[in-house]
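According to TrEMBL, the feature compositional bias 'Basic and acidic residues' maps to 1085-1100, 1122-1142. Under the heading compositional bias 'Polar residues', TrEMBL lists 1102-1112, 1144-1161. According to TrEMBL, the domain 'Ig-like' annotation covers 20-121, 126-213, 226-313, 318-397. Feature annotation from TrEMBL assigns domain 'Fibronectin type-III' to 412-506, 508-604, 609-708, 715-808, 813-908. Summarising the annotation, TrEMBL assigns region 'Disordered' to 1065-1161. For 942-962, the entry in TrEMBL reads transmembrane segment.
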Amino acid sequence: MAPLKGKRRQRLLLLAFFLPISGVFSFSELFFIKEPRDATVMRKEAVILDCQARGEASIDVRWLRNGVKVVENERVYLLSNGSLFISEVESRRGDKSDEGCYQCLAQNKYGTILSQKAHLTIASMSSFALQPSSIVVAEGSVARFSCKISSHPPPIITWEFNRVALPLSTDRITVLPSGVLQIQGVQQGDAGHYRCIATNIASRRRSIEATLTVTPAPGPILPQRPRIIAGPQNASVSLHQSAILECLATGNPRPLISWSRADSKSIDVYNTKVLGNGNLIITDIKPQHGGVYMCRATTPGTRNFTVASANVTVLAPPSFVEWPESLTRPRAGTARFVCQAEGAPAPQITWFKNGEKVHSNGRIKMYHSKLVINQIILEDDAIYQCQAENELGSVLSIARLIVVMSEDRPSAPRNIRADTVSSSAILLAWDRPQYNSDKVIAYSVHYMKAEGLNNEEYQVVIGNDTTRYIIDDLEPARNYTFYVVAYMPMGASRMSDHVFQHTLEDVPLRAPELSLTSRSPTDIQVSWQPLPMKLSRGRVSSYRLSYRTSSESAVSQIELPGEKTQHLLENLQPDTIYLLRLVAATSVGWGEQSAWTSHRTPKASSAQVPLAPELYLEPLNCTTISARWHLAPRNSASVRGYRLFYHEESQPESAPLQLQASAHKHTIGGLDPRRKYHVKLLAYNAVGDGYQADQTISTPGCVSVRDRLVPPPPPPHNVQARTNSSSAVFLFWGRPAFTSSHALNYTVRCNPVGLQNASLVLYLQTGEQSLLVRDLEPNTKYEFAVRLHIDQLSSPWSPVVYQNTFPEAPTLPPSNIKVTLIEEDTALVSWKLPDEPNVAVTHYTILYASRNAWIAGEWQVLQREGSITMALLENLSPGQVYLVKVSASNNMGDGPFSDVVELSVRADLSSGHDAGLSGGSTHSTGFSDGFYHLDQKSMTGISVGVCIALTCIIICAFIIVCRGKNRYAASLNAGGPEGDVQMAEVTVPMMSRGHFIDAKGGTSLIINSNGPVQPSPDLKKKKKKWSFFRSAVKQDRKIVNSTLSYLPGATVLTYEEELSPNHPATLQHLLGHPGDAEGSSNSEGSHETGDSGRFSHDDTELTNSGPNSRPPSLTEDDGEDFDRGGELLEKSPADLKLKESVEASCSHQEAQRSSQSELSV
């Protein structure tokens, strides 16, 4: 029983021991228990590279050599455990050689892992790189031989003296592993032949022999200061290897050698020893052994010494400080893997997914030691490896990403499509998911450049209330790829199908940078580099080269095809400063011209001066430029030096830098970032300055590491726009929800919708959360976007908002006014929109009146909607000449009236002549030939009437002079009555003793040289009433005008009225609509209202009162003017009739004062 119990106990112990081991071996993921290591073998020798992986069953193992799969054959094949066996290693050139870097890949259902790298090297030895040299030394001094050879593995160096091996170390002889032989206190017996022997597993090589000749020591030996003839050299030593620092000195007496560290630290005595007479060897070197070591040779008993130093750098293979950990994340989540390693030199971090290298594509980003995966999808479920590698080796670490799926997630957005909007915007649209679309809370739009590798992917999240989005801030003439993801609270859908779309071309962002040289005194060679795609913003189709002399303003231009990069200007003037500039164009148009670049052509002289150097400029960083140049060999012999000029664009040229003739490069520092600089270089000799080379270059912007590693801040949210006026829009927005103590500032982008030229986009800066954008075009739709800047970081642009500016009040009248008589008493007036861009018209106002009514100040008013551009003038009287003018109005105000167009309606419509004439300007009278024909009886009547009118005018002038003072006193208390008449067609009273009404809607005020004229209190007590007359033929109600402005040759009518104080006196109120006012607020429109009532028989004088035709003052001086006016009237029979009516009006006015009866005309 005892043996049976013992066996059971052993089985239990074995079971307890193997259970945990089996648990390790059945680890659900994948890992290596053996990985290949570096190996150096002989040619035709067999080698095994180990690789054993463990994990869940069905593990597939493959091998890579230099990244390419190893093909098995009879000589190279896999063993059952996954190791690679090579029966005979080949060392032939090309792909047939077995040397290289080997890696093992193991794969199961969870993914693929990659082993560390193993270098297979075939043992070899090259020729000697340094052979020993023969020397001659004095007896008692020091002799030194050295050799150097490269081999794999490293060789063992020994020395032979006269073909006999020397001991590695004696009291006088020291052999260093680095291949150095030192002999102290040389004797005559040391003379002979020495050679170096290098040995490794592959070969054994012998150097050439070097002879040591020993001369007798001089007579008396004089004291000599110590001198180091072989000092230590800088060395880079791998961890755990040995460092050898040589120090060989001579002197009399023999100097003492000592070692110290430059950092005053003590030297490690446990791993350090002195070999020979002063050589320092550090074994099993560690990082703390790195530093500067100083060898000091001192004369014994004195303070005479000399020092030599060298730096020891300890190289260490990479090792992990922080390992990535496996993660479990939902779809559309974010995974972050961290991997930090140390080593010397600093290791490079590389990420692998299932054995393949990971590339940044926008959704996947790598920040030095971090791997960030955004918008996780099902395909991201894999095994990830972090590899740290430097020149001493590599290490890998494994982590897995598990993606959790949601069963009720929505399907992917469907039918995604993209349309180009402009050179920087593309409209993306899609359909909602077919399944579970009601669970979608947001959409994520992803886009990136379609060409190239490692492109940044951008993401915009929008609400679920739209399936359209405009992506702006794109580069012109670029192809982009887009896809959309639908979000729900617990995850996201799959990616939609990708769609590709390109942006339109735009004008080039700037001009190419010029390089100018002269080959002769009469030419300039102009060359330039093609613009990069980011600056050309499309394919450059042509260039325009402009040039002129500095003393002339005439510019010559040459158009060049877009493929050219140089042009030779010939037949120029010698010793003349020329200004040149270049501009590039795409299919959209011409870009911005470069600034003028100056170049002086050489002097026309037979003297031989150096030709222009070939100049090459290169920006080293944002503040430094490197200039390199060279001359042709035939010119370099006579050059005495160079002169280098440089200055910022639009700044004066500074004094030149004098450079030596041997100089061929120079660094220009202290420049400003993002500036354009002009650089000029010339060589000079004894004759004078040579030909100059001119070139321009731009310094780049300074980009900090922070800008590349730190994610951008979020953009401003809730951007809103409100129209402020026809040229201004008020923007305001919210600050993103993050905490920062740094000051924020914002950039506002503004441009009209559909703008093709991106250079016209307006960018405004502000530190507030609102901005009033001014100087916009009226009645135009604009798009706005805002981005914030904080601590040298910029956010993406906010979503675009759209807003229209208000229309501006028309500044021009309607154009192309035409009036045509279509029936006996009906005319058609037509017009077109005002000739100004972006004008909005809500209604038109048409004023028309017969000549007689115009003289009386009576205008009839029609209004039409803004969409209608014609109107009918009905019930026209035969035998009259009608005046017509039109104005445009909108909600912002009224525009000016057009010029007066005249229409003649004949009295005898049955005659053979045309019934009416239409006109389009004030210069065409439109009168018939017989309009002014008068018979003899009419002439007699007119003559009598004129005489009576002259008499009346004289009497009235006398009365006015007598009552001038009373009128002046009455003007101090004037107040005009107001009236309100709302009708479609009205007549407007112009002036009475009590008040004056401007036809443009002004106040009831008479102004003379002494100021406003107001009615006297006595006049206020007297009340007269309007007298309305109705015609049996025309039923239109009119207000009879009995007063006009007093002007020479004008018919004067007076009235008195009794109106309620509530009645408005302006024309605008009388017409019943703001748009009824005849003119606008500007002074130029006032001459079109006809408020003066002046009439002349001269065809060209048939106009309304101009800006200066104000009501004449009622003073004594006016009477004289009236007399002179009366003299002028004698020249015309028609004027006599007018004077007669004036006389009748004055007499009738006196009758009114006595009887206070109604006024009749």
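Backbone N, Cα and C define each Cβ position, glycine as well.
Nobody curates TrEMBL annotations by hand; they come from automatic prediction.
Across the domain 'Fibronectin type-III' (609-708), DSSP assigns 8 helix, 50 strand, 42 coil. Here the domain 'Fibronectin type-III' (412-506) touches the domain 'Fibronectin type-III' (715-808). Their Cβ atoms form 3 or more pairs under 8 Å, with each pair 6 or more residues apart. DSSP states for the domain 'Fibronectin type-III' (508-604), grouped as helix (H, G, I), strand (E, B) and coil, give 4 helix, 41 strand, 52 coil. Only pairs six or more apart in sequence are counted, and the domain 'Ig-like' (318-397) with the domain 'Ig-like' (20-121) gives three or more Cβ pairs under 8 Å, enough to call it a contact. In the domain 'Ig-like' (318-397), helix, strand and coil residues by DSSP number 3 helix, 48 strand, 29 coil. Summarising model confidence by region, the domain 'Fibronectin type-III' (715-808) averages a pLDDT of 81.
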